[in-house]
Amino acid sequence: MNKIYRIPDRLIQKYSVIGPRYTSYPTVPVWGPVDLDTQKLWYHELANSDRPLSLYFHIPFCRERCSYCGCNTMITQNQGKATDYVSYLLAELDKLASYGLSHKKLRQLHFGGGTPTFLLDAEFKQIIGKVREHFTFEEGAELAIEVDPCSTHDGQLEMLAELGFNRLSLGLQDFNPQVQQAVNRIQSLEITKAHIDLARKLGFKGVNLDLMYGLPHQSLESMKETFEQVISLKPDRLALYNFAYLPEQLPHQKLIHLEDLPNEKVKLEIFFAAIEAFGRAGYEYIGMDHFAKSDDELSKAQHSRRLYRNFMGYSPKSGVDLVGIGITSIGETEHYFLQNEKTLSQYQKQIEAEGLAGAKGIRLSLDDRIRKWTILRLMCHFYLSFVEFEAAFHQDFKTYFAGELAGIEDMVEEGLLKVEADHIQVLDWGKLLVRNICMRFDAYLKGDQAPKVKFSKTL
């Protein structure tokens with residue numbers, strides 16, 4: 001059972017604010033333009049790192065638009081667009097390898113979107129063939145892919161298994177027919193179960209399910225029913241994302257009517273109900289929006305304090321350098337972040353000209369790296385050791401963060417965390433408010449440096 005207690009109303013009112021999700025630090029809004037020479041320098045530095053690699057491929061294509069979606073997608077029925085796009089992915093891979101990355105071992109590979117399964121079998125084989133041409137997978141490497149249960153088929157899953165994919169992430173959102181109709185995402189329990197059963201039969205070691213709360217027509221009772229249906233499928237990991245309604249930024253969300261959305265109180269009740277239901281079923285609350293079976297690698301990584309967080313969410317694969325391939329994809333090393341061009345035309349133009357498509361990024365200062373380390377420990381482990389901090393940075397934690405420690409005294413008094421002689425421990429209420437805690441350590445949210453951007457609500 002998850003030991004998470006309901007937050008008092010007074011804390012909900014205080015801490016239900018706009019804030020980052022901390023899939024990176026510094027967060028994307030404070031990054032700046034990156035020129036070609038800087039990209040080349042960063043990739044040469046990456047080649048000299050002794051850390052293994054993780055590759056992320058962004059496949060933006062979808063045949064239909066889900067009205068809730070906030071991802072970078074392209075709606076098309078034209079398969080030729082994807083075929084053309086794959087040729088650019090292969091060219092980008094060749095260019096990256098030319099910077100001396102080929103000697104590095106691959107620990108993780110992930111296809112996200114969009115709808116990665118929009119690609120044809122032959123196109124998957126081309127990409128994985130090119131990856132294997134340039135890189136060697138570590139033993140036990142994770143090859144993961146996001147799958148739309150409505151558009152994939154048995155033959156495609158069989159092909160993915162043959163190529164070495166061993167983890168599936170299935171988008172679901174909600175099984176309620178009225179909700180599905182409202183967000184243009186029709187998907188039955190039966191078809192989802194059939195794909196999961198086949199994946200198990202084919203030897204996939206892990207199956208993730210992604211849910212969303214805050215969608216039109218959702219209620220506490222309807223979501224409780226969905227949670228029980230999801231539990232019956234026995235996924236290894238679960239993600240429950242808070243729907244961000246941003247119709248001014250995402251015009252397609254105007255198809256969703258504000259009056260059809262559950263209010264903040266109902267949304268919180270849904271989230272608390274999820275924690276309780278998943279806890280009874282043997283899933284541990286990892287943090288933020290993630291749950292995992294107690295014997296899953298994600299839970300084990302959290303217990304042993306090896307858990308990491310990046311743009312794909314929580315990951316047990318810490319200590320790797322991430323390289324993003326395709327439009328909008330993001331790379332991350334110990335010292336920098338780099339994001340590719342966001343539009344297909346600009347991406348293709350850059351690949352044709354130089355073979356690299358980075359558009360924005362940031363080189364981390366020492367202060368950035370110190371705060372990134374601190375925020376990651378709080379987000380992933382709910383625990384921060386001053387001794388480990390001092391070993392990593394040769395700084396005294398209490399001296400370096402004297403202002404921040406004074407600034408979290410109210411949180412200590414409210415029972416969100418405790419500060420001991422040699423560590424910080426996030427407590428039960430604080431686990432649900434960890435974004436708020438991390439915001440107190442974010443240098444870019446102070447004074448005039450605060451980015452002018454609309455983040456999602458922390459609750």
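Each residue, glycine too, has its Cβ placed from N, Cα and C.
TrEMBL entries are annotated by machine, without manual review.
Just so it is clear, the model here is predicted, and its values are computed rather than measured.
Per TrEMBL, S-adenosyl-L-methionine 1 binding site is recorded for Y56, G113, E146, I330. The annotation [4Fe-4S] cluster binding site is assigned in TrEMBL to C62, C66, C69. Positions annotated as S-adenosyl-L-methionine 2 binding site by TrEMBL: Y68, C69, G70, G114, T115, Q173, R185, D210, A244. Annotation comment: TrEMBL describes 47-281 as domain 'Radical SAM core'.
TrEMBL feature annotations superimposed on the structure.
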residue: Y56; record: S-adenosyl-L-methionine 1 binding site; contacts (Cβ under 8 Å, 6+ apart): L109, H110, F111, G112, F311, M312, L322, V323, G324, I325, S329, I330, G331
residue: C62; record: [4Fe-4S] cluster binding site; contacts (Cβ under 8 Å, 6+ apart): T73, M74, I75, T76, G113, G114, T115, F118, D148
residue: C66; record: [4Fe-4S] cluster binding site; contacts (Cβ under 8 Å, 6+ apart): Q173, V183, N184, R185
residue: Y68; record: S-adenosyl-L-methionine 2 binding site; contacts (Cβ under 8 Å, 6+ apart): Q173, V183, R185, M212, L215, F243, Q253, I256
residue: C69; record: [4Fe-4S] cluster binding site; contacts (Cβ under 8 Å, 6+ apart): L250, H252
residue: G70; record: S-adenosyl-L-methionine 2 binding site; contacts (Cβ under 8 Å, 6+ apart): A244, L246, L250
residue: E146; record: S-adenosyl-L-methionine 1 binding site; contacts (Cβ under 8 Å, 6+ apart): F111, G112, G113, T115, P116, S169, L170, G171
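Within 8 Å of the Cβ centroid of the S-adenosyl-L-methionine 1 site, not counting the listed residues Y56, G113, E146, I330, the chain contributes F57, H58, I59, H110, F111, G112, G114, P116, F311, M312, G324, G326, S329.
DSSP classifies R185 (S-adenosyl-L-methionine 2 binding site) as coil under the three-state reduction. Close to the recorded [4Fe-4S] cluster site, the chain also has E64, R65, S67, Y68, C71, T73, I75, T115, N184, R185: residues not among C62, C66, C69 whose Cβ is within 8 Å of the site's Cβ mean position. The binding-site residues listed here are A244, I330; among them, I330 has the most other Cβ atoms within 10 Å of its own Cβ. Look at T115 (S-adenosyl-L-methionine 2 binding site): DSSP puts it in coil.
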